[in-house]
Amino acid sequence: AREWLQSPWGKRLVSPPILACTSGFLLGTVPFLKELFLAPNALLSPVTEAVRTIGRGYLPCVLLVLAGSIASRPRAKPAEAGEEGEVALSRWEKRRGDVMDRRRLRKVAAVMLARFCILPLFVFSMLPLATQMGLVAASNKLLQFVILLQCCMPCAQNSVVVLQIIGDKQGASEMGKVIAAIYLLSLLPMTLLVSAAISQVGFL
C-alpha cells in the first residue's frame with residue numbers, strides 16, 4: 001500500500017482535493033455522519049464550523065496566487081556579460097516577448113470565442129429542448145438560470161494554483177496573465193449574456 005501511495009497514480013488519487021471532496025460526499029450522504037457533523041445541534045458542529053472558516057480563506061488565497069503569478073519577475077543577467085552581450089540579450093528578450101504576446105492573444109481569443117460565443121449559443125438553444133423533454137423542470141426557474149449562468153462564466157483560477165503546486169512558475173505566470181486578460185475582456189459579454197439569461201428564464 002505504501003508503494004502504491006508513493007506512485008504517480010497514488011499521489012494523484014490520494015490528493016487533498018480528492019480527499020476533501022470524498023469526505024464532503026460521505027458527510028452529506030451517510031445519515032449517521034450527517035447527524036454527527038451537519039445537524040443544527042450536532043455533537044461535532046464546532047469542527048464543521050472550523051472547516052467552513054478555513055474554507056472561506058480559499059478565494060483570497062487564490063487571488064493572491066493569481067496576483068503573484070502575474071507579477072513580472074526580474075530579468076536574470078548573465079554573470080559575465082559585456083555591453084554587447086546585454087544588448088543581444090535585450091533584443092532576444094524583446095523578440096521572445098513579442099512571440100509570447102501573439103501566442104497569449106491567440107489563447108485569449110480562443111477562450112473568449114468558446115466561452116462567450118460557442119458555448120452560450122449551444123446552451124441557450126438546447127435548454128428549451130431539455131425543458132420540453134423533461135430533463136429540466138419547467139417550473140424550476142432558478143435551475144434554468146444557473147445552467148445558463150454557468151455556460152457564460154470565465155475560466156476559473158484553479159489552473160494557476162495547480163501550476164504553482166507542481167512548480168511550473170513560468171507556466172503559472174503565463175496562465176495568470178491569460179486569465180487576467182480574459183477577466184477584463186469578459187465584463188461586457190458577461191453583462192449581455194446574464195441579461196439574456198434573465199430574459200429567457202423570465203425573471204423580469
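Cβ atoms here come from the backbone N, Cα and C positions, even for glycine.
No curator has checked TrEMBL annotations; they are predicted automatically.
Annotated features in TrEMBL:
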TRANSMEM  12-33  transmembrane segment
TRANSMEM  53-71  transmembrane segment
TRANSMEM  108-130  transmembrane segment
TRANSMEM  142-166  transmembrane segment
TRANSMEM  178-198  transmembrane segment
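Within its own chain, the transmembrane segment (108-130) has Cβ neighbours under 8 Å at 136, 144, 147-148, 151-155, 178, 181-182, 185-186, 189-190, 193, 196-197, 200, counting only residues six or more beyond its boundaries.
Nonlocal intrachain contacts for the transmembrane segment (178-198), taken as residues 6+ away from its ends with a CB within less than 8 angstroms of a stretch CB, comprise 66, 70, 104, 107-108, 111-112, 115-116, 120, 124, 145, 148-149, 152-155, 157, 159-160, 204.
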